[in-house]
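Database features, via Swiss-Prot:
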DOMAIN    56-241  domain 'BPL/LPL catalytic'
BINDING   R96, G97, G98, Q99, I100, T101, Y102, H103, A168, L169, G170, G181, L182, S183  substrate binding site
SITE      K165  site 'Lowers pKa of active site Cys'
ACT_SITE  C199  active site, acyl-thioester intermediate
Amino acid sequence: MSVSPVSIVSTPVAVSASPAGAPDQPVQPVTVRWRGREAYEASFDAMRAFTDTRTADTGDEIWVVEHPPVYTLGQAGDPAHLLVADSGVPLVKVDRGGQITYHGPGQIVVYLLLDLRRRKLMVRALVTKIEEAVIETLAAYNLASVRKAGAPGIYVASGVHEGAKIAALGLKIRNGCSYHGLSLNVKMDLRPFLAINPCGYAGLETVDMASLEVAADWNDVAHTLVGRLIANLDGASAAADKPHALEQSND
């Protein structure tokens, strides 16, 4: 997978009006950074540093990456959910919510570095917007998917793989700002999921778009997903999908 580094800027919009009726200041545009294939630890360190050093004036960013094979275990995760100790895939303990998951080639990983206070956005509302973006993205490829109460992520709605997980979600909120994010399986080697209880659920089937007979290009799906995320987050049109919305970046 090869991705040219670009920065996509969404349209700034006012999120609400003040009690006196005067419009609030518009939310700053979201910058989208395409980081290509990157070691998990490098992304993890970078998003923590970004969050630790951001100020009230720092713009929000979305990072899109693809990782080499790695298991990540959430802050309160149980190591017992890694069923095969000598799988050859490294395990990294991280500070997001949730249990254990797998990242690898052929999977889109999106990190959301957002100032929730500035956006006047509660965590539950953010999760809903992310899940809606994934559902809308899959629908663009004629795949029906759903949420599950109490189990963040997105699941296949019907058919032979009904109930299988196709996208995972895990966030960390620090000082009113989010990092970590979501992963969507496009076309990947799914065998490493057999060595874990995905997200802490024993026997949970994990699939990708290819398993559902959709031959989708990683870049195309990633651009669709980013467009839906931006549209859901700030109310802008999904201009992020369109070539005129792309600007070259030095990232």
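Note that Cβ sites are derived from N, Cα and C of the backbone, with glycine treated the same way.
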Across the domain 'BPL/LPL catalytic' (56-241), average pLDDT on the 0 to 100 scale: 92
Rounded Cα separation (Å) that holds between G98 (substrate binding site) and K165 (site 'Lowers pKa of active site Cys'): 14
Candidates A168, C199: member of the recorded positions with the richest Cβ shell (10 Å): A168
Substrate site span - longest C-alpha distance across R96, G97, G98, Q99, I100, T101, Y102, H103, A168, L169, G170, G181, L182, S183, in Å: 16
Spatial separation of I100 (substrate binding site) from the residue listed as 'active site, acyl-thioester intermediate' - C-alpha basis, Å: 5
Per DSSP, three-state class assigned to A168 (substrate binding site): strand
Same-chain residues at least 6 apart in sequence whose Cβ lies under 8 Å from K165 (site 'Lowers pKa of active site Cys'): G153, I154, Y155, V156, P198, C199, L204, E205, T206, V207
Under 8 Å by Cβ from I100 (substrate binding site), same chain, sequence gap 6 or more: Y71, T72, L73, G74, G77, D78, H81, L82, I196, N197, P198, C199, G200
Chain-internal residues near R96 (substrate binding site), provided their CB is under 8 angstroms and they sit 6+ positions away: T72, G74, Q75, G170, L171, K172, H180
Count of other CB atoms lying within 10 Å of the CB belonging to L182 (substrate binding site): 24
Sequence-distant neighbours of Y102 (substrate binding site) in its chain (C-beta under 8 A, six or more apart): P69, V70, Y71, T72, V89, P192, F193, I196, P198, T206
